[in-house]
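> My structure is below; once you've seen it, I'll send some questions.
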Amino acid sequence: MRITDDNRHAFILGAASCVLGLVVLDETVVGVALPTMRTDLGISQLESHWIVNAYLLTFTCFVAVGGRLGDLFERRLVFAAGAGIFALGSLMAGLAPTGGLLIAARAVQGIGAAVTFPASFAILTATFPPQRRGAAFAVQTTIAGTFMAAGPLVGGVFSQALSWRWIFLVNLPVVAATAIVLLAALRPSAAGKPAFDAGKFDYPGLIGLVVGLSGLVIALMQSSDWGWTSPKTLSMLTIGAVATSAFVAIELKRAAALERGRGAAPLIELDLLRIPTFTGGNLIFAVFQFEKMAMFIFVALYLQHGLGRSPVEAGLTVTVAILPTLATSRLAGRLRDTLGPRPPLIAALLVTAATIFVIGLATIAASHWLIAVTLIVWGAVMPGIAVPLRPALMGAVPADRQGQASGVNLSIQMLGGTFGIALCSVLLASTSVYWPVFAVTGAATLVAAGIAWTLVERPPDGKRPPHDGGTGAARPGRR
């Protein structure tokens, strides 16, 4: 089929959505395959968890960079470069002969995903006029959600029927095809122009962020092997704390200079965290990502290690849990429009916490059916968190800073998943049982409900909250 003016937008939407789908697929596809990878490569349980967290860590560190690159260069080229890096990481992962090389490959994948993710939003924003943008993002959200839902089952089928290596190798033809289509369909004039001088990029902030987060995550994850008082753990904690503190100081200094008209933009706009609803919303999203990763990864691990289920059975159990989200997203949007963001958000967080606690009890009782039923309830309630929260969070920010706010939100959300995986890995390695993982995750979700009660503002009396289509998708914008 030829690309014409009549179908150009459809090609752009399809290509951008498919690559974004692969990015979110790689968050959920690996968990079910970890036991098979561990046996095949002869790695420890902790090393297998690094296969997940290396991806999340580099994604978290570089997603702000990906957003900035979209301002510096043509977005179609940034997207293609990110997709190329992601494909390279996928090829390395599929061919990795050792656990260490697989972890390194996953880190490369995370960098590619961090570049591709914001570029896809920016491309659709530049391509579609405002009156068609909502429908475009709804399609993208649906496609990405379908990929995410299919992740556990795809991981189980490939691990059991073929090889876990195909989890990564299957990315290659999809990425190649979509990148070619996007480069052909997207005109350079629609890709955006450089918005600021590349020489003013926040390199010190980037170094501080990467070194700080890496030091803290490595110290937390390796503490069960090294010991909390070992020189290696203490050294990494110190490096992480100092670098993170330096990052915060650098960002605040650059923001202050920019306000006076004498500097360049910081990597991450930390001053947005002075807005209570924005701060509270980001903390809740961090917990939301934490509990999602805990459920995707550690439920699948328990079903195989604790109950002896096959990869396909484990993947199917987790996948079925995600399907109700497609039906309940609209309901969550209507509840938000009727009641405002706080009541459905708090109720969803409380029910979510209860389901996580029940999962923990089910691991003690060794009950597969209880886990399966509870997961369906958990999946049905999940939109009740994202759908009310995203508009409340973004609505608290001035309109001319919503692009920056979206970048901060995504960074903090991914950071929650990164530290969540690290904490859960330590708990499992230290106790060799699964219920503490879900006990801590449920407790964190209860804390998030308290944050929602305290920091998420009610809409003014008589005013309905702004409607975003009920998708709960991240709002794109210029950075």
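From the backbone N, Cα and C atoms, a Cβ is placed for every residue, glycine too.
What TrEMBL says about a protein is an automatic prediction, not a curated fact.
Heads up, here are the entries from TrEMBL:
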{"type": "COMPBIAS", "residues": "458-467", "note": "compositional bias 'Basic and acidic residues'"}
{"type": "DOMAIN", "residues": "12-460", "note": "domain 'Major facilitator superfamily (MFS) profile'"}
{"type": "REGION", "residues": "458-479", "note": "region 'Disordered'"}
{"type": "TRANSMEM", "residues": "49-70", "note": "transmembrane segment"}
{"type": "TRANSMEM", "residues": "77-97", "note": "transmembrane segment"}
{"type": "TRANSMEM", "residues": "103-124", "note": "transmembrane segment"}
{"type": "TRANSMEM", "residues": "136-158", "note": "transmembrane segment"}
{"type": "TRANSMEM", "residues": "164-186", "note": "transmembrane segment"}
{"type": "TRANSMEM", "residues": "206-222", "note": "transmembrane segment"}
{"type": "TRANSMEM", "residues": "234-252", "note": "transmembrane segment"}
{"type": "TRANSMEM", "residues": "283-303", "note": "transmembrane segment"}
{"type": "TRANSMEM", "residues": "315-333", "note": "transmembrane segment"}
{"type": "TRANSMEM", "residues": "345-364", "note": "transmembrane segment"}
{"type": "TRANSMEM", "residues": "370-389", "note": "transmembrane segment"}
{"type": "TRANSMEM", "residues": "410-428", "note": "transmembrane segment"}
> Please work out which recorded stretch in 49-70, 136-158, 206-222, 234-252, 370-389 has the most C-beta pairs separated by under 8 angstroms from the transmembrane segment (103-124)?
49-70
> If you average pLDDT over the domain 'Major facilitator superfamily (MFS) profile' (12-460), what do you get?
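Result for the domain 'Major facilitator superfamily (MFS) profile' (12-460): average pLDDT 83.
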> Under 8 angstroms for C-beta pairs, at least 3 of them, ignoring pairs fewer than 6 apart in sequence. Is the transmembrane segment (164-186) in contact with the transmembrane segment (370-389) by that rule?
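Answer no: the transmembrane segment (164-186) and the transmembrane segment (370-389) share fewer than 3 Cβ pairs below 8 Å.
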> Which residues, given as numbers and ranges, are at least 6 beyond the ends of the transmembrane segment (345-364) yet have a Cβ under 8 Å from it?
284, 291, 294-295, 299, 302, 306, 332, 370-371, 374-375, 377-378, 381-385, 388-389, 392, 433-439, 441-443, 445-446, 448-449, 452-453, 456
> For the transmembrane segment (136-158), find every same-chain residue at least 6 residues outside the stretch whose CB is under 8 Å from a CB in it, and list them.
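Distant contacts of the transmembrane segment (136-158): 9, 13, 16-18, 20-33, 120, 124, 127-128, 164, 166-167, 170, 296, 300, 310-319, 322-323, 325-326, 469, 471-473, 476.
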